Amino acid sequence: MALELQLVVNGIVFGSIILLASIGLSLLYGIGDFANFAHGEFLTLGAFITFAGYVTFGLPIYVAGLMAFLFVGALGVLIDRILMTRHRDSTPIILLILTIGLALFLRAVIRLQWGDNQRTLGMPLERGTELLQGSVGWIDYGIRITSTDIAIVFLALVLATGTHLFLTRTRMGIAMRAMSDNKSLAKVAGIDTDTVMTVTWALSGALAGTGGMLLAMQTGVLFPRMGFNIVLVVFAAVILGGIGSPYGAMIGAYIIGIAQEVSVMIPGISAEYRYAFAFLIMIAVLLYKPQGLAGGRW
Amino acid sequence: MALLEARDVVSGYGDVEIIHGVSIDVASDEIVSIIGPNGAGKSTLMKTLFSLVDCWDGTVTFRGEDVTHDQTSDLSRNGMCYVPQTDNVFPTLSVEENLRMGGYILGDPPKENYERIYNHFPILEERKSQQAGSMSGGQQQMLAIGRALMLDPELLLLDEPSAGLAPDLVDDVFEKIIEINEDDTAILMVEQNARKALKFSDRGYVLEMGENRFEDTGEVLLNDSKVGELYLGG
Amino acid sequence: MMTDNDPNADDSSMNRRPILKTVAAGGATAVLAGCIGGGDGGDGGNGDGNDGSSDGDDGSSDSGGGGATYDVGLVNPYSGDLAPFADRNDRGSDLALSEINNESVAGGKINKITADSETTSNAGVSASQKLVNQEGVDVLTGPCSSGVAVSIAESVTIPNEITHIMINSTAPGITDLEDNGYVLRSCPSDAFQGQALAQVVSDNDISSVSLIVVNNDYGQGLADAFQKRYKELGNTVETTIPAEQGRSSYSAQLNEADNPNSEGIVFIVYPQSFQTMIREAYQMGIQENYEIFGAESMVSDEVEQNVDPVAINGMKGTNPSPPIESEVYQTFAEEFQNEYDRQPTVWAAYAYDAYMMLGLAIHSAGEYSSDAVANAIYEISRPEGTEVSSIAEGKSELDAGNAINYQGASGNVNLDENGDPSGSYQHWEVIDGTFEMQGFVDTGQ
Ligand SMILES: Nc1ncnc2c1ncn2[C@@H]1O[C@H](COP(=O)(O)OP(=O)(O)OP(=O)(O)O)[C@@H](O)[C@H]1O
Ligand SMILES: [Mg+2]
């Protein structure tokens, strides 16, 4: 058995794809105290908006991605203003059912608009560049990378950094963290918690929309369940990182991404079980650190 | 006319009435203390004044205006700020970020606001990058008061500012409160350290079972044998 | 805003309503005694029709009397992974139905009622339950995916003693279902294709391969048959890697297949997953180092249209193929071309044959019921009888008291005791991004 560095690289790429969705999911949980089960559909929608921009309107891919960012962000605002604002004080079970219903509704809209069949983004195919070739000892450091891989990692990191700056430098970002810390004190301090919640939806949607674009760039194909199919992995990353902590989610996304790729090197673990392996990692960490890696802090 | 006038205030939680018609005045240069046994409804009264708990009956006027049903954020904007009894800082935010949130409704608060706080509490300036949750209880209490002072209020509501502090720290906190009061901020505070509080206070109220029991200057209450026996631990 | 501006969909008339009825000959309104050869019954082409619940359960088995209507169910994947296959089934069956209902069998007409399997077992089973319990069909046809077909057989058709004619389900395991003769199919088992594919890979002098296999009954069955034959031919399968449908990445599977001992990689997966896989394979440089092979499942417009030719050029594989030289097939292809303005696929031929056999079986039995069809359908397809290939021919031989042997568009469709026809296969190669047939495979058996 050799450690193939290529698998680590693949894991970083996959981790980058789930990174943005993980941050958004964690923000919503931390600030609004509910798990958004429609997050997978946000990804799907981001992918299809990218498709609409890139294929239907023939725009450059990154313009299409910007559309996904804006559109799904705006959708987040709509959802909050129309639906969630009435449920600020609803019980967790109601919020759970609400977001599940929202997920089914969004998926139905996607199916109506784009149909059930698989769509192809049709970005030019590119053979990966061989960066390194060879091995030392039990490490095989042969690595091939495509420019799409690099773009995915780069974009994800840029947005994650942007989110970090937003959360630490701006008044609204700090207010989001304050609200996540102590909602009633936030109200006492005069923070407009309703607006903060709306902004959180917008940010969470925009990040997931961009995550959907990255997902579409990576797989090249789109279908209505594409986001749903990976949302459990996103949840695993968020819980591993410590639910409610966007920084924990960032770490969780990469750990889960790399772990599930590298797992195939373990004899007896077939590629088919790598998602299961991701959950195994999550459970193992939770046994040791029940609150996740971030341990209840940001 | 007093700065704050509460008249026959009735409030509670759900169907349970806790405050049964309490009246309180605070003049613009005063320190006023509310004392009373546990569960008397002191915190509930403070929350009612700050609109965190609905006022069922009676009126609250502030600077001559009826604010009985004003939003919390409007009260802050108009010069009334409140420090809760517990959980009164944002633990994962830095000291400076906590202060910034105190001034949230100003947009981004000007430098002078921070400086004023740092003048009262130099320790906060030293620790401005530290996470609030990692500070000692006394420092957190200073920060909680500092956060509420960011808006330079005319009236500060303090719910047990000395709770859980070591005796010498209690004195520190009261000193700071006097200092703040001398800076033209009226203080209405709930206190368990009743003797010390009354010593510093211009006036005091004794609350029991959600009703006014006694009301007088701090000195009179301190020397009143009945109050002393019942509420000041003999 | 909900317009369907789908550049990839291969048929804009595809209908996604969950249950819709195609009443090929005017349905209930045409139930008039002896209206043989009445108004041309050929409107069945476009999968549209009476919607819903109007004519429920009349005449499902009033034998012999003129103008009966025989309700037959078709569970078809109008949505989901195998959606590209749904239209082929509709076209093939509708072509047969227009001939059957033009002639009428046992004095009646077949009324096809369709339902969406969504390419999943859950949806497929509930669609079938509706057809059997609510619509009261005696014979069920479809669906596509073998896994879904087996679920339907085990939980709906076998327990209800409904004759179940599978059209596209090629999993070898279906042969061994405990079905009391109620389950049969018009397409050959993949056991035969697995052998053909092994032959093709071996003939290309590739003596060791990695297999990437969709992990369902179809994939497993085909892979097993491949493996057995491939080993008999003196070669080795290095690894067999299961792959779930609908995953966003298959890099781990490809990495596992990227095995220095292998000379080739064989994909036994569906078009959707294949598109993602082959793209990643190209990025990883797999095509540079391995010969690529594929099963019939990826021979689709979808792959041709959406996969960059550089990623699949030179790929080889097998495809079930009708005897295209035969007169029966050519007649079928011509009618198909006239009706739909395109060449049929073998899948359409299987659907056509399924309904033709059904029509002849009804006429032979003289009545429409599940048991009658299940018995008669073997009799009309066996080698002993006079060879016929149209309803008119079949009827006149049957009416004269002679046994018949239906010769189908897809082959001779001689059903064996398990209800399986034998198949014939072509091998193909991708040239300039399209699947080009290269002639029939001689499996030496
Ligand atoms: N959120 C709440 N919901 C329902 N009842 C409450 C709530 N908060 C307080 N109470 C009840 O109201 C009564 C008064 O409580 P309050 O906290 O106002 O008393 P207090 O005088 O501040 O006591 P302490 O000295 O312990 O702080 C108590 O009986 C308490 O149980
Ligand atoms: Mg209290």
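Here the Cβ of each residue, glycine as well, is placed from N, Cα and C on the backbone.
Just so you know, TrEMBL annotations are computer predictions that nobody has curated.
TrEMBL lists A:7-31 (among others) with the feature transmembrane segment.
Among the features that TrEMBL reports, transmembrane segment is placed at A:51-79 (among others).
The transmembrane segment annotation in TrEMBL covers A:91-110 (among others). The list of residues near the transmembrane segment (A:91-110) in space but at least 6 beyond its ends in sequence, with Cβ under 8 angstroms from a Cβ of it, reads 32-38, 40-42, 44-45, 48, 79, 83-84, 224-225, 228.
With a cut-off of 8 Å between Cβ atoms, the residues of this chain six or more beyond the transmembrane segment (A:150-167) that come close are 12-13, 16-17, 19-20, 23, 65, 173-174, 176-177, 203, 207, 210-211, 214, 217-218, 246-247, 250. As annotated by TrEMBL, transmembrane segment applies to A:150-167 (among others).
TrEMBL lists A:228-259 (among others) with the feature transmembrane segment. Residues 7-8, 11-19, 21-23, 25-27, 29-30, 35, 37, 39-41, 43-44, 103, 107, 160, 163-164, 167, 180, 215, 275, 277-279, 281-282, 285-286, 291-298 of the same chain sit 6 or more residues outside the transmembrane segment (A:228-259) yet have a Cβ under 8 Å from a Cβ within it.
Annotation source TrEMBL lists transmembrane segment at A:271-288 (among others). Counting residues 6+ beyond its ends, the transmembrane segment (A:271-288) has Cβ neighbours under 8 Å at 232-233, 236, 239-240, 255-256, 259-261, 263-264 in the same chain.
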Q. Is the transmembrane segment (A:51-79) packed against any residues at least 6 beyond its ends, judged by a Cβ distance under 8 Å, and which are they?
A. 38, 42, 45, 102, 114, 119, 121-123, 155, 198, 201-206, 208-210, 212-213, 216-217, 222
